[in-house]
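Following: one structure in structure tokens, then a few remarks.
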Amino acid sequence: MEVKTFAFLQIAVFIALGIQIFAAVTAAADANEEVFTVEYCGMNCTQKSDGTWTECSGKNKDCRCYHESDAREGLCLSTEYTDFSQFETPSNSDLEAATPRPRKTLYPVRNPHGPKTRGLGYDKRILRDRVKFLI
């Protein structure tokens, strides 16, 4: 009875330890500020009879042929490595400066009793005042 209890406790400790290690490794991988992206270029590549590979002329100039060791067919892929640790963390003023702003345009005036006003859909008085302001 004591042996079974001791074995059960050992198994429980090993499971808990395994979960803890898995969580720590996963968190460490997420903290890494490096990104490796792969994009399919929209075409495949094949090995020619002389041993060279067909050119990859896909979406961008960085497309290269990637294939398994003995395969005669491969995929044209574009790879990019970005190390975000080289960039500073943006401040609030940087984020505020990068926030998109609405364009300044003439907005249509809606009639509360029906569709837009006749003509261009703009109140002529507002347009006249804005044009005078611009001149």
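Glycine is treated like the rest: Cβ placed from N, Cα and C.
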Disulfide-bonded cysteine for C65 as listed in Swiss-Prot, from C45, C63: C45
Fewest Cβ neighbours within 10 Å, where candidates are the disulfide-bonded residues C41, C45, C56, C63, C76: C41
Cα distance (Å, whole number) from C65 (disulfide bond) to C41 (disulfide bond): 10
For C56 (disulfide bond), the three-state class that DSSP assigns: coil
CB contacts for N44 (N-linked glycosylation site) [other CB atoms within 10 A, all chains]: 15
